[in-house]
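These notes concern the structure reproduced below.
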Amino acid sequence: MALSRVDVINMRIWVLSIICACLTYVNVTVHLVAVHFPNLGFPCAYYEINDMKAINLSIRNDIRSLTPQLYLNPIQLICYVVFMDICFFFILVYYIVCCVKVFSSEKTPNINQSTRDITWMGDSLSCFQFVLTMDTYQFFVTCLSFRLVTLAAFTYCLFFICFTAFTLTMITQYQSSERSFFVLKRIHPKLKGTIKYKTIIINMIELMLGFSSMVFAITICLGLGNNFYIKSSTVAFASINTFFVMSFVYSLVIELILHQYVKVQFGLHFGILFGILGLTYPILKYDSLFKTEWTVKFIVNLAVITIVCLSFIICRLIRFFMRKHHNYKKLPTTVEDLDVLEEANE
């Protein structure tokens, strides 16, 4: 059966969206590579947003325009940027593989089969959200290079919103779990192999989201701490608490809603754990420099986040290995059995 007009239009839009995503990725990658080299148009090294070695607290207004708040050290920030770019590449490969499989799949008698397949794998809306995610991430790195911490906090907030929307779209396809399961059962037989690939991609996206929630917390507090007269220790404490609230809310959403769509979802929890590990070292360096009186509170809060995250992991493991057993009864086959069933219902 030939493709319907709806299939033709949706496939053309989808292909154009993937091409746009490819061009955006090339632009972002070239930008992220160039930002690591001097004399290429970027005034400062983005990863040295807080140069703790240059701080001399015995001199008044040593930093002037930038207060040394809690933030990632240069090596951590470089690794984070490279890691995100690699993950963007794998997401792009996923779209390309799905596109090739849809075009190479044999025609079926089902109406709008290609549209149904595209919707489940990741349609034009998710691809557009992916483009916005990469663009806002590029703006964030550029703002760090120009030492515009307030604008960097704003752009990272936009990035995090776009990335959260992209994650939800990839998991739910903005449908109910029943509808998503129904579409999954009716995708093209040749696309069955992409189910495992999509599960891996979703967990990788959640891993990025879990770690990015930590970066979001300290970036927002970095912007606030450099625009208002707030103690640095208060800003650091607020960063940890913000990370705790976000990790708790996101993990709770998975256990209450999103687990109905994808059963294997451990990426967010491991991303939060990596975020805890990534935040521990800057806190130790920060505490050794400023000798804050909130050291115990910092450690206690990190311990609480770790315990809560491990609790959600245990809960996810239990629900993953737990099987629902239904006791089926034999259907009535005789008139006597039907009479007994009617009497029981009465």
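Yeah, the Cβs are placed from backbone N, Cα and C, and that goes for glycine too.
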Return whether the side of the membrane given for PHE103 in Swiss-Prot is the same as that given for TYR286.
no
Determine which recorded stretch among 13-33, 77-97, 200-220, 237-257, 294-314 has the most C-beta pairs below 8 angstroms with the transmembrane segment (264-284).
200-220
Under an 8 Å Cβ to Cβ limit, what residues of the same chain, 6 or more beyond the ends of the topological domain 'Virion surface' (141-147), are close to it?
31-32, 35, 42-47, 49, 65-66, 81, 155
